[in-house]
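Asks: Below you will find the structure I want to go over with you.
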């Protein structure tokens with residue numbers, strides 16, 4: 001057999017001439033008429049030879065394609081998928097690791113699936129135009145929620161508890177807002193200010209805060225005042241609602257995420273009453289709807305009272321009660337009063353029902369914190385709990401209450417005639433001083449109002465403000481707040497919002513900064529100012545914040561004029577000191593002091609500032 005006969009021939013491609021067998025004499029190859037470029041060679045393959053792409057689509061006989069190789073594993077060797085299902089004993093698979101995230105850090109999927117009931121998603125809020133104001137980015141600290149523990153005094157537990165949010169990374173707060181029958185006094189506004197500080201601290205710690213503060217715009221007192229003044233009831237509420245908002249804004253309180261009015265949620269109230277009646281916790285009588293207090297075990301647990309010892313008198317028009325302690329959720333209409341249609345006849349809502357229904361709508365069946373003044377514990381908050389739990393809601397997980405502002409030992413109240421209106425206070429005192437005065441005591445401590453304590457607050461804040469101004473002038477620009485507050489400040493705030501202890505850290509840092517100024521240590525003074533600004537920013541007291549800088553700017557022109565006049569007098573004093581005429585120098589200083597100016601001698605020369613009132 002010849003060599004050519006023993007070599008198998010390649011199959012010919014259909015439609016082309018067969019290739020000669022290996023070893024046979026090749027025929028003469030025609031010479032090309034030109035030398036093709038590399039690109040031409042790629043486009044001009046030899047006739048009958050498939051391109052590389054064709055080879056992929058038509059693999060050689062008996063040779064599996066690359067994709068087939070993956071499916072055709074060697075016998076007895078498990079596929080990669082099988083390996084995932086059979087890990088080494090004691091070693092978790094990658095999927096298990098995803099399901100077991102780090103402690104306190106929610107998985108990405110969990111965040112998406114665990115929305116707060118009743119609260120629209122971010123996309124829904126943006127489309128509906130109901131998105132609340134955003135907390136300033138300056139308040140967002142370098143901490144991630146779950147890495148720190150904030151502790152709060154829970155009225156229902158009667159002890160300080162570690163705060164554990166319902167949804168990791170989020171905190172939901174409902175604050176009982178104003179009943180707008182009159183303009184606000186400083187006792188009213190303290191509650192909003194205390195919870196503004198709470199909200200700012202949660203935001204600094206990295207939480208996404210939803211803050212709801214309602215407006216009670218229908219009430220017995222509003223109706224009574226409207227009748228006395230011969231005005232529409234709604235005009236009373238609207239006028240005083242604006243006064244409250246102006247007061248909150250004047251004292252630097254951040255706007256709430258939602259601020260619902262009671263009259264805008266009658267539908268939700270009717271639904272809650274219907275559910276309570278169906279569950280046997282409420283009943284209708286003579287057009288009124290009452291809550292049956294004996295139907296709910298645990299009623300009065302918040303205020304720690306005994307139901308059998310409770311004596312709650314009925315109000316006018318509340319007829320048909322099964323028990324005198326049953327409270328009205330809905331009041332039958334009376335001539336001349338506003339009313340709404342319900343399945344039980346026309347009427348208007350009771351005070352307690354309003355908050356239960358609005359909290360359910362905006363924060364869902366369960367939320368984190370319910371707040372208000374201590375005077376609301378009973379009956380208002382107690383009855384809110386009864387309605388919500390009777391409806392099937394878990395309701396608030398923590399109850400936080402602020403103390404009163406008193407005058408001569410009595411709670412500040414318009415009915416007692418001892419109230420001081422915010423609108424009058426801001427005419428006599430800088431609003432930032434009023435914020436300092438109301439916000440710096442612990443929220444559970446009573447504030448006894450006096451002019452003397454206000455002057456002390458003004459003097460204390462003036463020392464902080466003076467330090468900020470001196471270092472800013474030395475630096476030649478506004479020093480940015482530090483990225484984090486000092487650890488001692490954070491520790492105080494984490495412990496039941498210990499503002500007094502936190503402010504002690506602020507004043508200590510100010511003293512350190514003043515010492516650095518006296519030693520001509522600019523870098524240390526600037527570093528202390530950065531820390532002070534970070535701490536004051538959390539408390540809403542930063543003098544360089546836009547809220548207060550505007551008021552400072554208004555007085556700058558006047559300050560320059562006064563500064564020029566004072567400088568003339570100080571130059572005379574310096575001349576007397578140079579001549580060692582100490583009597584004249586002291587006399588000038590004393591005269592300036594009688595005018596309300598404080599003179600401070602420093603290595604850079606004399607400085608002046610306004611003294612306390």
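Every residue gets a Cβ built from N, Cα and C, even glycine.
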Asks: If Swiss-Prot says 176, 380, 384 bind Zn(2+), which of 253, 355 does it name for the same site?
Replies: 355
Asks: Quick one: which of 134-144, 145-155, 156-166, 178-188 does Swiss-Prot have down as motif ''HIGH' region'?
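Replies: That would be 178-188, per the motif ''HIGH' region' entry in Swiss-Prot.
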Asks: Suppose you had to name the range Swiss-Prot annotates as motif ''KMSKS' region'; which of 406-410, 411-415, 416-420, 421-425 would you pick?
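Replies: Here Swiss-Prot associates motif ''KMSKS' region' with the stretch 411-415.
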Asks: Quick one: give me the count of other CB atoms within 10 A of the CB of residue 414 (ATP binding site).
Replies: 16
Asks: With an 8 Å cut-off on Cβ distance to the 176, 355, 380, 384 Cβ center, who else from the chain surrounds the Zn(2+) site?
Replies: 351, 352, 354, 356, 370, 372, 376, 381, 383
Asks: Just how many other Cβ atoms lie inside 10 Å of the Cβ on residue 176 (Zn(2+) binding site)?
Replies: 24
Asks: Under DSSP, is residue 380 (Zn(2+) binding site) helix, strand or coil?
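Replies: SS state of residue 380 (Zn(2+) binding site) = helix.
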Asks: Let me know the DSSP-derived helix, strand or coil state of residue 176 (Zn(2+) binding site), please.
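Replies: Where residue 176 (Zn(2+) binding site) sits, the three-state DSSP reduction gives strand.
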Asks: Just to confirm my parser: what is the rounded mean pLDDT across the region 'Cysteinyl-tRNA synthetase' (148-613)?
Replies: 93
Asks: Let's check the environment of residue 384 (Zn(2+) binding site): how many other CB atoms sit within 10 Å of its CB?
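Replies: Residue 384 (Zn(2+) binding site): 26 neighbouring Cβ atoms within 10 Å.
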